[in-house]
Each structure stands twice: as C-alpha cells, then as structure tokens.
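Participant: The structure is given below, and queries will be raised subsequently.
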Amino acid sequence: MSIKSDKWIRRMSEEFGMIDPFEPNQIKEADGKRIISYGTSSYGYDIRCANEFKIFTNINSTIVDPKNFDPKNFVTVEDDCCIIPPNSFALARTVEYFRIPRNVLTVCLGKSTYARCGIIVNVTPFEPEWEGYVTLEFSNTTPLPAKIYAGEGVAQVLFFESDEICKTSYKDRNGKYMGQTGVTLPKA
C-alpha cells in the first residue's frame, strides 16, 4: 500500500470525480486575506468545512448515547463561522463530495493550525467505494470559546492505494454512512 501524490489526486479527481469540487492548487488567500489553506498538497488534499454546523447543547439534559442518539443534543447553525463553547463539541460537513475508488483507503488528519489552538478535528478513514460529504467532528479542548471557519481548510486527506482489490467494499456491505449529503448524526 503506497501513499498517492498530487499528480494521482489531480488525475483521479479530474477524470473520475473523486473529489468534487476539486481544487488543483493550494489556496492560501481569498479576497486579499490569508485563510487556512485548502486544496491539493504534495501527498494529500486539504478539505474545507461547509457552513452547516451542529453544536452540542445541554439544554435538554439528555444523555449522549451512540445507539440511541437524540438530535435535540445539537443546535443547528448555518454561518460563515462556528463558535464552539469551551470544552464542547460540534459537527460539520465538507464542501467536497468524495467518491473513493475500490482499491483506495484514506486517512484524515486535522490541520496543525487548529490543533495548536486546542481544536481537535477527527475524521474516520474513507473506506473503499465510500462516497458522500464527510461529517467532520471538532472538539474544543480549551476553557475558552473556539472559532471554526467555513470555506477554509480543516483537515488533510491522505490517499493509500492497495496492491490488491478488497473482497468487500463499504458499498458492497451497504455501509450506514454511504451517500451522506449533510451533517450526519450517529447511526447504530
């Protein structure tokens, strides 16, 4: 299994729609202002956060149960940024829609710009033949409110191509997060 380069990422996105919309360059400025970079890097792709957020709230005093998740645990926000309360959590989704080839697995790592501020971005691997918008998880580990910017980079996706095709892909087993179109809450 080997990591794939910018040339491969560009070809797979332009010819097969692996990433849509696809940015072939590394974008570091918008409207003359510095932003948190996104787009193609040497051996990965920096994904952006869309303007759709779900922020944890305790107004209903429920228990967080991944097998029986109550959507009332979140407040939905659509804005160009999201303020995550201290020691709290938010979900978002990517701007980009992904179509992962059958012989590819991705690993996604949060950008250091956010990590250095105590904001942890978690994304599970994109499995072979998974497709959809990626649900992003943000943890604010600080005692202060933390800001996430929509339309800017939040994490880097690394693509690994296997030497052989898997017997059963995510699509084959009807994965529960297949084809997600928005911020998707836990499913058991």
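Indices start at 1 and increase along the chain as displayed.
Cβ atoms here come from the backbone N, Cα and C positions, even for glycine.
These came from Swiss-Prot, pasted as-is:
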- K111, S112, T113, Y114, A115, R116, T135, L136, E137, Q156, Y170, Q180: dCTP binding site (BINDING)
- E137: active site, proton donor/acceptor (ACT_SITE)
Participant: Reduced to three states, what secondary structure does DSSP give T135 (dCTP binding site)?
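Facilitator: Going by the DSSP assignment, T135 (dCTP binding site) falls within a strand, counted as strand.
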Participant: Could you work out which of the binding-site residues (T113, T135) has its C-beta surrounded by the smallest number of other C-beta atoms within 10 A?
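Facilitator: Among the binding-site residues T113, T135, the sparsest Cβ neighbourhood within 10 Å belongs to T113.
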Participant: Would you mind checking how many other C-beta atoms are within 10 angstroms of the C-beta on Y170 (dCTP binding site)?
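Facilitator: Looking across every protein chain shown, the total is 21.
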Participant: Please state whether DSSP places Y170 (dCTP binding site) in a helix, a strand or coil.
Facilitator: coil
Participant: Between any two of K111, S112, T113, Y114, A115, R116, T135, L136, E137, Q156, Y170, Q180, the residues recorded as binding dCTP, what is the biggest Cα to Cα distance in Å?
Facilitator: 33
Participant: My understanding is the cutoff is Cβ-Cβ under 8 Å with a sequence separation of 6 or more in the same chain; which residues meet that for K111 (dCTP binding site)?
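Facilitator: Listed in sequence order: I36, S37, D46, V121, G153, V154, A155, Q156.
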Participant: Would you count the other C-beta atoms found within 10 angstroms of the C-beta of A115 (dCTP binding site) for me?
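Facilitator: Result for A115 (dCTP binding site): 13 other Cβ atoms within 10 Å.
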Participant: Taking the Cβ of E137 (dCTP binding site) as the centre, count every other Cβ atom within 10 Å, in any protein chain shown.
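Facilitator: Cβ-Cβ neighbours of E137 (dCTP binding site) within 10 Å number 14.
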